[in-house]
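Notes for the one structure printed next.
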Amino acid sequence: CVPCILTEIMGLEMIAVEIADYIVLKKIILVLFCIILFCKIVRYMFSLLKEEKEPITILVTGAAGQIGYALVPMIARGAMLGPNQPMILHMLDIEPATESLKGLKMELIDAAYPLLRGVVATTDVVEACKDVNIVVMVGGFPRKEGMERKDVMSKNVSIYKAQASALEQHAATDCKVLVVANPANTNALILKEFAPSIPEKNITCLTRLDHNRALGQISERLNVLVSDVKNVIVWGNHSSTQYPDVNHATVTTNSGEKPVRELVVDDNWLNNEFITTVQQRGAAIIKARKQSSALSAASAACDHIRDWVLGTPKGEWVSMGVYSDGSYGIPTGLIYSFPVTCERGDWNIVQGLKIDQFSREKMDKTAQELIEEKTLAKSCLN
C-alpha cells in the first residue's frame with residue numbers, strides 16, 4: 001500500500017541523514033585529532049629548541065697573546081660552534097702572562113656572553129687540559145732575530161711534549177686538537193708523537209688561514225663576493241713553500257658555476273703573483289701593522305673547527321693540515337695540508353683530483369720541506 005511505501009521511504013531518508021551526520025561527525029573528530037596532534041608536535045619541537053645542550057669544554061693555549069685575545073671572544077660569541085652551543089672556556093699561558101690572563105678572564109665575565117658557562121684561566125697545564133673536548137694550540141715559541149731553525153724547533157719540541165703529555169692523561173677521550181703555533185704542521189706531528197691515545201684523525205693544523213687568503217685574493221681580482229668563490233686548495237706546509245691551487249676552484253655567477261681560470265683569464269698572474277701573495281701574506285701584514293695577523297688567524301681557527309665539527313657544505317671542500325695517508329703521492333707520516341670534506345665530526349681527503357706537472361712540482365717541494373722539518377724535530381727529541 002502507498003502509506004507503507006511512504007513510511008519506508010521516510011525511514012530510509014532518516015537512516016541516510018543519520019549516516020551522513022555520522023560521516024560528518026567522523027570527519028570533524030578526525031580534523032580535531034589532526035589539529036591536536038599538530039599542536040603537540042609543534043610544542044615538542046619548540047621544547048627541543050629550548051632544551052639546552054651540554055656545555056663543551058674548549059682549551060686555548062697562549063690565550064694571553066694577540067691571537068688568543070682575538071680568538072676567545074669569537075669562541076664565546078658562538079663563531080666556532082654555533083649560536084646554540086654552550087661552552088666552558090679554559091685558557092692557558094706561561095707564568096709571566098698571569099696578570100694578562102686574569103685581565104682577559106675579567107673581560108670575558110664583563111662581556112656577559114650568554115653561551116659562556118665558565119672560565120678557567122691558569123698557568124697549570126694539567127688544570128688547563130682537564131676534560132677538554134676541543135683544543136686550539138696557539139701557544140708556541142716564536143722565532144726571534146738571530147735564532148736558527150733548530151733553536152726554535154728545540155723550544156717548541158719541549159713545549160709540545162709537555163702539553164701533549166697533559167692532554168694524553170687528562171683530556172676527554174674524543175678531544176679534537178687544532179695546532180696554530182708555527183711551525184704548525186711539525187708541532188702537530190710532535191703532539192701526535194707524545195699523545196698516542198689521541199687518534200691521528202683528531203690532530204690537525206691550521207692552513208685555513210691560507211685557504212681564506214686565497215679566497216680573498218680571487219674575490220678581489222674578479223670583484224665578486226668571497227662567498228661565491230669555492231674549492232681553492234692549499235697544499236702542504238703552513239710556510240712560504242705552501243701551494244695555493246685554483247685549478248679546481250669555481251665562482252658562482254648568474255650563468256652558473258665557472259672555473260676560476262676561465263674567469264681570471266691570466267695564467268701568468270695565477271701561477272706567479274697570486275701564489276706568492278698568499279705565501280707571503282703574513283709577512284706583508286707584519287710589515288704593515290708591525291704586528292702579526294691575529295684577527296684573520298683567529299677567524300680562520302673558528303672556521304676550521306666549525307666546519308670540522310658541524311660539517312662542510314655539500315659540494316665544497318676546505319684546506320686542513322691532516323695526517324697523510326699517502327693520497328696524491330704525499331709520504332705518510334707527515335701532517336700535510338689537503339682538500340677535505342667534513343661530516344659528523346670527521347674529515348676525509350678529497351680524492352680523484354687531476355694534478356698537472358706544475359702542481360706536482362709545487363706539492364713535492366712543500367712535502368720535502370716538511371720531511372726536513374720532521375728530521376730536525378727528531379734530532380731535537382734525541
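Here the Cβ of each residue, glycine as well, is placed from N, Cα and C on the backbone.
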According to TrEMBL, which listed range is transmembrane segment: 1-19, 58-76?
58-76
If I take the alpha carbons of A181 (NAD(+) binding site) and R213 (substrate binding site), what is the distance between them in whole Å?
18
On the DSSP side of things, how many residues of the domain 'Lactate/malate dehydrogenase N-terminal' (58-203) fall into helix, strand and coil, could you say?
70 helix, 26 strand, 50 coil
Give the sequence-ordered list of residues that share a chain with Q66 (NAD(+) binding site), lie 6 or more positions from it, and have CB atoms under 8 Å from its CB.
Q291, S292, A294
Distance between N156 (NAD(+) binding site) and N182 (substrate binding site) at the Cα atoms, whole Å?
9
